[in-house]
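According to TrEMBL, the transmembrane segment annotation covers 12-30, 36-60, 72-90, 102-120, 140-159, 192-211.
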Amino acid sequence: MKKFILTKYTTLKHLFIALLVCFLLLVFRVKTTHDYFGLFLVWNLFLAFIPLGIVWFMKFNKELFLNPIKKFFMLLLWLLFLPNAPYVLTDLIHLSYSPSQWFVYDAVVILTFAGVSLYFGYQSILELRRLLKNTINKKLLNIATISVFILCGFGIYLGRVVRFNSWDLVTNPFELFTTILQVLTNPVEYKFVWLFTLAFGTLLNAGFYIFQLGHKSISNYDSTQ
């Protein structure tokens, strides 16, 4: 744990500040209005962190990568939870329940939580790419990354529109797989789903490209200091 904190000190410090801002904004809203609107964001933020937590676990337990079965299981678990990170962006839909005088404030709260959640997702992919770069060539890694974001787009559709969640893979697998099979076997009938998936996938890929550029700029700046 000490080694983890030391190696991740800067990241953890920034995350602590970001999380503190999120919770202060939400606490102010609840205390001022005595309305619990927005508390769902705390749970969604926790779910968004799980992919990054899984990558950190793999990073400090690298012996997992020596066992193909364990490695596959951990990567699958990571992929199943990853859509929860960008999913928080769609929580903006809840603004329809926000009182007019609090509309802008609630939008800021949701966007702040969404920004931190998206950071969790992007950072998990960035660190996972570093873990895999010695076993997968860069071209395949880039293709896999693009594909993962498209899958995230589909996952967001399943979560926001059909109202499935990550736990349904265990608690309601038959209905989940039936829904997925219907979409895959009837592409024309479900063209909206494909458009939704590609639109979100493209947005997330573009966002990750910008995230990488920003990360490289910060790294280059730090190396010159």
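Placement of Cβ uses the backbone N, Cα and C atoms for every residue, glycine included.
Quick caveat, the model's predicted, so the values are computed rather than measured.
Where the transmembrane segment (140-159) meets the stretches 12-30, 36-60, 102-120, 192-211, the count of C-beta pairs under 8 angstroms peaks at 192-211. Taking every recorded stretch in 12-30, 72-90, 102-120 and counting its Cβ pairs under 8 Å to the transmembrane segment (36-60), the highest total belongs to 72-90. Segment contact holds for the transmembrane segment (72-90) and the transmembrane segment (102-120), given three or more CB pairs below 8 angstroms at sequence separation of 6 or more.
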